[in-house]
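The structure follows.
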Amino acid sequence: MTSIEPTHTGKKVIVGMSGGVDSSVSAYLLMQQGYQVEGLFMKNWEEDDNDEYCAAAEDLKDAQAVCDKLGIKLHTVNFAAEYWDNVFEYFLAEYKAGRTPNPDIMCNKEIKFKAFLDFADDILDADYIAMGHYVRRRDNADGTTQMLRGVDNNKDQSYFLYTLSHEQVARSLFPVGELEKHEVREIAKKMGLITHDKKDSTGICFIGERKFTEFLGNYLPAQPGNIETAEGEIIGKHQGLMYQTLGQRKGLGIGGMKNSNDDPWYVVDKDLKRNVLVVGQGGHHPRLMSNGMLVNQLHWVDRKGPAEGSQIVVKTRYRQQDIPCTLTYLDDNTLKVVFDEPVAAVTPGQSAVFYDGEVCLGGGIIDQLIRG
């Protein structure tokens, strides 16, 4: 097991305790390294806080049980107002504009590594914070700090953390980033932690498991419209463009069409002006493919970013294979990205995250697609 910053032994670390196995093992590993460890549990959602939807109470119970087992303090904090103002309203605005946002990325930026870090600094006098994310940090001889992909390729979460600043990365520790997921569970089981076999959380950051269309419909009125083929034939109805994303295959309700082949139907475009969902057959339909994209709202971990003309790789969604590409800066905040080969289902509103080998450089928001 790789050691974590032995030169900082004795420093105070506040661990974001979620009630899951990754944060539980993070706290244990840091204690083993000699850090002074305390936990902090965040509650960030108030609406619909009931047994059906919200597991916050159960998560807090598990976090407390782990901290009791490890013999460390557990603090609690409510960031619901910050979450609503800085994450959820952005999430709704993007969907209303017809884009597909990634709330987990904004949640990390505004809550886990901003509000949390501020609280750990101002109230708990922390030297570092730590999270159970599968990423790594590297401190270089020149004083710079880089964020690296996690050792477990299947669990690497650097895509969700590209908005972190150099300063935030330098103040953060990521113990499980050096491990495979199965190793984390094995450590938790060996230590008798209640979370060792707890299911990984999915769904919207901090909002949890719920029916997405029903949940979104509580905040944005649905606007049903036509489903058309790429050739303009009306073949069905959709319940709202905000519920659909490029490349989507399931839930379209248009199977068994006459005069069509057996290839599955995919969302290939969204016509916002006409409120029309455009579909085509086959996962490599021409309307689904892009030769490149324009990316704005750029953020680079090292503040500088890659050089003009750099040939690096990009991910346009989580767990995607690396896409080789070439970069051209159109201005300080807009990047033209040309793929080596056409790519399917690149989605405006999602994040494009760039890598040089194992180093996460940063990224931005996909604004426009380059086709043809």
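Glycine is no exception: its Cβ is also placed from the backbone N, Cα and C atoms.
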Please state which member of Gly132, Gly143, Gly150, Gly177 Swiss-Prot lists alongside Gly16, Met17, Ser18, Gly19, Gly20, Val21, Asp22, Ser23, Met42 for binding ATP.
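Between Gly132, Gly143, Gly150, Gly177, Swiss-Prot records just one in the ATP site with Gly16, Met17, Ser18, Gly19, Gly20, Val21, Asp22, Ser23, Met42, namely Gly132.
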Between Cys205, Cys325, Cys360, which residue forms the disulfide that Swiss-Prot gives for Cys107?
Cys205
Helix, strand or coil at Asp22 (ATP binding site), per DSSP?
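Helix, per DSSP.
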For the ATP site made of Gly16, Met17, Ser18, Gly19, Gly20, Val21, Asp22, Ser23, Met42, Gly132, how many Å separate the two farthest Cα atoms?
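About 16 Å separates the two most distant Cα atoms.
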Note down the number of other Cβ atoms within 10 Å of the Cβ of Cys205 (active site, cysteine persulfide intermediate), including every protein chain shown.
22
What is the Cβ neighbour count of Asp22 (ATP binding site) at a 10 Å cut-off, with all protein chains included?
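Other Cβ atoms within 10 Å of Asp22 (ATP binding site): 27.
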Within 10 Å of each Cβ, count the other Cβ atoms and name the one among the binding-site residues Gly16, Gly20 with the highest count.
Gly16
Quick one: pull the CA-CA distance for Met42 (ATP binding site) versus Cys205 (active site, cysteine persulfide intermediate), whole Å only.
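That separation, Cα to Cα, works out to 12 Å.
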How many other Cβ atoms sit within 10 Å of the Cβ of Ser18 (ATP binding site)?
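Here the count is 23.
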